[in-house]
Amino acid sequence: MMVSFFDQFESPIFLGIPLIAIAIALPWVLYPAPASRWINNRLITAQEWFITRSTNQLMMPLSAEGHKWALLLASLMIFLITINMLGLLPYTFTPTTQLSLNMGFAVPLWLATVIIGMRNQPTVALGHLLPEGTPIPLIPVLIIIETISLFIRPLALGVRLTANLTAGHLLIQLIATAVFVLLPMMPTVAILTAAVLFLLTLLEVAVAMIQAYVFVLLLSLYLQENT
């Protein structure tokens, strides 16, 4: 029986239980708990350094009002990086290849930034819909275009994360299948293809981390416009 390449993106179910819930909840167990000692081990020190540096980069363009989101955005970034990296392991499932999950992250957070802008500075928030110096005949058209672009933002967030991870996983599976097919017939070509597969896997590791950072960075930029 032929198995579709897209079967790996189906949410697995075991004994009637969707395993996507376990895949989402499991990463939190992997993080070491901070110790009460003044001197920590190297793992916790590296973890704290990475989180501090990433949070500083995310919060740098924001005002003091936006710094209240530091814990939420940093936690979301670490969570997305973890589940993206775990999805690269054999016999695992990547929850972020599901558009529904990514939209579940993107829509509420985007909507929260819009609500904050409309509550704290409604004039400035509505001013983004009409650039300064627009000719009068173009005002209705530009308002419609800017409104559409505003509502497309959460869709772009979710689709970007889903498409990048899905394309990477699918390409890895295609090349891995080619290696197994070519190995008995053309071993030299199969070895070269395996080298390409190794380099692609390294690239996918970088993509898994970068896409999580870009997802949170875009949220911080949306927050910057409304604070």
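Cβ atoms here come from the backbone N, Cα and C positions, even for glycine.
Because TrEMBL annotations are produced automatically, they should be read as predictions rather than curated entries.
Copied from TrEMBL, the annotated features are:
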| type | residues | note |
| --- | --- | --- |
| TRANSMEM | 12-31 | transmembrane segment |
| TRANSMEM | 69-89 | transmembrane segment |
| TRANSMEM | 101-118 | transmembrane segment |
| TRANSMEM | 138-159 | transmembrane segment |
| TRANSMEM | 171-199 | transmembrane segment |
| TRANSMEM | 205-223 | transmembrane segment |
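Outside the transmembrane segment (12-31) by six or more residues, the chain places 47, 78-79, 82-83, 86, 92-95, 98, 101 with a CB less than 8 A from a CB of the stretch. Residues 23-24, 26-28, 30-31, 51, 54-55, 58-59, 62, 95-97, 105, 109, 161, 165, 169, 201, 204-205, 208-209, 211-213, 215-216, 219-220, 223 of the same chain lie 6 or more positions beyond the ends of the transmembrane segment (69-89) yet place their CB under 8 Å from a CB of it. Residues of the same chain lying 6 or more positions beyond the ends of the transmembrane segment (138-159) and with a Cβ under 8 Å from any Cβ of it are 99, 102-103, 105-107, 110-111, 114, 128-131, 215, 218-219, 222.
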